[in-house]
Amino acid sequence: MEAEAKSGSLEDSWAFIQRPGEGCRTVPLAGHVGFDSLPDQLVNKSVSQGFCFNILCVGETGLGKSTLMDTLFNTKFEGEPATHTQPGVQLRSNTYDLQESNVGLKLTIVSTVGFGDQINKEDSYKPIVEFIDAQFEAYLQEELKIRRVLHTYHDSRIHACLYFIAPTGHSLKSLDLVTMKKLDSKVNIIPIIAKSDAISKSELTKFKIKITSELVSNGVQIYQFPTDDESVAEINGTMNAHLPFAVIGSTEELKIGNKMMKARQYPWGTVQVENEAHCDFVKLREMLIRVNMDDLREQTHSRHYELYRRCKLEEMGFKDTDPDSKPFSLQETYEAKRNEFLGELQKKEEEMRQMFVQRVKEKEAELKEAEKELHEKFDRLKKLHQDEKKKLEDKKKSLDDEVNAFKQRKTAAELLQSQGSQAGGSQTLKRDKEKKNLGFL
C-alpha cells in the first residue's frame with residue numbers, strides 16, 4: 001500500500017511538471033538586448049561554411065542533359081563523353097566548387113549513363129534507387145556515429161531530380177512512368193520536356209496536359225513548389241501550373257539585336273534560350289536555383305531522408321513507444337536487439353554445428369564404405385594372386401618333370417651312342433689285323 005501511495009504521488013508530481021513551450025508568458029523588454037541580430041549571425045555562419053546542392057539528371061541518351069546543366073549554371077562542366085555501350089545503367093557523379101559573389105556552392109551533378117539504351121528496360125530504375133539509398137545510408141551512418149562531424153560532412157544526398165522527357169508529343173513512355181513511380185518517395189522530382197523546340201507550341205500544350213494527367217492517374221508524386229511562405233506563394237503557385245517545364249539548352253551565344261544571348265540557330269530561325277516566349281528555361285532556373293533551392297534541400301532532409309531513416313530504424317527494432325504507449329528506452333531496445341542477434345547467432349552456430357556433425361557422419365560412412373570396398377577388392381586380388389601362383393607352381397612342376405624326363409632320355413641316348421661307338425671300333429681293329437696277317441702270307 002505504501003509503495004502504491006508513493007507511486008501515485010510520484011505520478012501526481014510529474015503531472016505538474018510543464019513541458020517546454022507550455023505556459024510561456026510574453027514579457028516586454030525595457031531596452032535593446034541584441035538577439036535581433038541572430039538572423040544575421042546565421043547568415044554569416046552559413047555563408048562562411050558554404051552550401052551544397054546535388055542534382056540527379058535522369059533521361060534517355062541524347063536529350064541534352066549535360067548541355068542543360070552547362071546552361072543552367074552558365075559554365076562549362078568538364079566531363080568525359082559516355083560511350084553508352086554498357087550492358088546496364090551506370091551513375092556518374094561529378095562535384096564542382098562554384099563561387100558567386102561571396103557565396104560558395106559545392107555542386108554535385110549525377111548523370112545516368114546508358115539509361116534507356118538497353119533492349120530490356122525492366123530494371124533500369126534499380127541502379128538509380130540503389131544510388132539514392134546509398135547516399136541516405138552514408139548520411140545515416142554518419143549520424144549514428146559516437147563522434148559526429150556533420151558540420152564538415154559532405155552531404156551527398158540528392159536534393160533534386162530533373163527527369164528529362166523525350167519530346168514525342170504523344171504520351172509518357174512506360175519506362176518514364178515506372179522510374180518516376182519508384183523515385184517519387186526518395187527524391188524531389190521535377191519533370192522537364194527536353195529539346196522542346198522539336199514540337200510545335202500547340203502540340204507542346206497538349207503534351208503538357210497529357211503528361212500531367214498520366215502522372216496523376218498513375219499516382220506519381222512530383223515536387224510541388226511550396227506555397228506556405230507568403231513571400232513566394234504567388235510565384236510558386238503560378239509555376240506549379242506550368243509543370244512540366246519545356247526547356248531548351250545551349251551554350252552557344254549569338255548576337256540578337258545589340259545583345260549577346262544564348263540561342264540555337266536553325267535554318268528557319270533562332271530559338272532564344274532565355275526568352276520565355278520560346279521555352280521555360282528561365283522558369284526552371286528561377287524555381288530550381290533562385291527561389292526554391294533551400295526548400296529542395298529541406299524537403300530532402302525532412303521528408304525523403306526521414307522516411308528512409310524511420311524505415312531503417314524500424315527494421316533495426318527501434319520504436320518511439322512501447323505497447324503501453326510509454327517512451328521506449330534506447331538502451332532496452334539495444335539490449336533486446338543484441339540478445340535477439342546473439343540468439344540468432346547461437347541458433348545459426350548450432351545449425352552449423354549440427355550440419356558439420358551430419359557431414360562428418362556422412363563422410364565417415366562414405367569412408368567406411370570405401371574401406372569395405374577396398375578390403376573386398378584386396379581379398380579378391382589376393383585370392384586371384386594365390387590362384388595364379390598355384391597355377392604357376394603347377395606349371396613349373398610339370399616343366400621340371402618334363403626337363404628331368406628329357407635329361408633321362410638324353411643320358412640313355414648318350415650311353416647307347418657310346419656303346420655303339422665302342423663296338424664299331426673293335427670290329428675295325430679285327431679287320432685290320434686280319435688284313436695284316438694275309439699280307440704276310
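Cβ coordinates come from backbone N, Cα and C, glycine included.
What TrEMBL says about this one:
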COILED    331-409  coiled coil
COMPBIAS  417-427  compositional bias 'Low complexity'
COMPBIAS  429-441  compositional bias 'Basic and acidic residues'
DOMAIN    49-315  domain 'Septin-type G'
REGION    416-441  region 'Disordered'
Non-local residues, at least 6 beyond the ends, that sit with Cβ under 8 Å of the compositional bias 'Low complexity' (417-427): none
Predicted model, mean pLDDT over the domain 'Septin-type G' (49-315): 91
Secondary structure composition of the compositional bias 'Low complexity' (417-427) [DSSP: H/G/I, E/B, coil]: 11 helix, 0 strand, 0 coil
